[in-house]
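Below is one structure, written out as structure tokens; comments come after it.
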């Protein structure tokens, strides 16, 4: 049975993006690092910021690509190759338009659903056989509004909902790391 060794938080690099909906994956790994009193450091060769944490005796590499979202797969594949991590040992945390704010879902494999960060990871890894933690940000209503929506900041109420979803995800992280996916899904997907 595999174990998660790398958690990737998707988002765009730069101050102007750090509080946008598209960066909720980065918010997730930043909270893990903070909870473990660890800081990220830039690894320019691997195109990412990295922090190493120990979660219940499991050594985990937290990765925030320093590429833009559309090229996240470059950093993910470089880190995976460098540390000899298999795709099924990777958890990718990202924003999800098709899930309401405050909801969080765990998924193994599947398509990219139009998410450019996932599309890039699929291309660079050559597979979609990794875990995803999908943090709901809601949908703006029409596809023409999606780009502006994901690149803007959530309202205070929506930010609180997203923060609660992040906390819920962190509460089941030990199960996810140890591939106890059914109990994790049950806790996350049950209201």
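Backbone N, Cα and C define each Cβ position, glycine as well.
Annotated tRNA binding in Swiss-Prot involves 17, 68, 70 plus, out of the candidates 39, 43, 47, 116, the residue 116. All protein chains included, residue 95 (site 'Stabilizes the basic form of H active site to accept a proton') registers 25 other Cβ atoms within 10 Å of its own Cβ.
Residue 22 (active site, proton acceptor) and residue 95 (site 'Stabilizes the basic form of H active site to accept a proton') have their C-alpha atoms 6 Å apart, to the nearest angstrom. In sequence order, 20, 22, 23, 68, 69, 151 make up the list of same-chain residues 6 or more apart from residue 12 (site 'Discriminates between blocked and unblocked aminoacyl-tRNA') whose Cβ falls under 8 Å from its Cβ.
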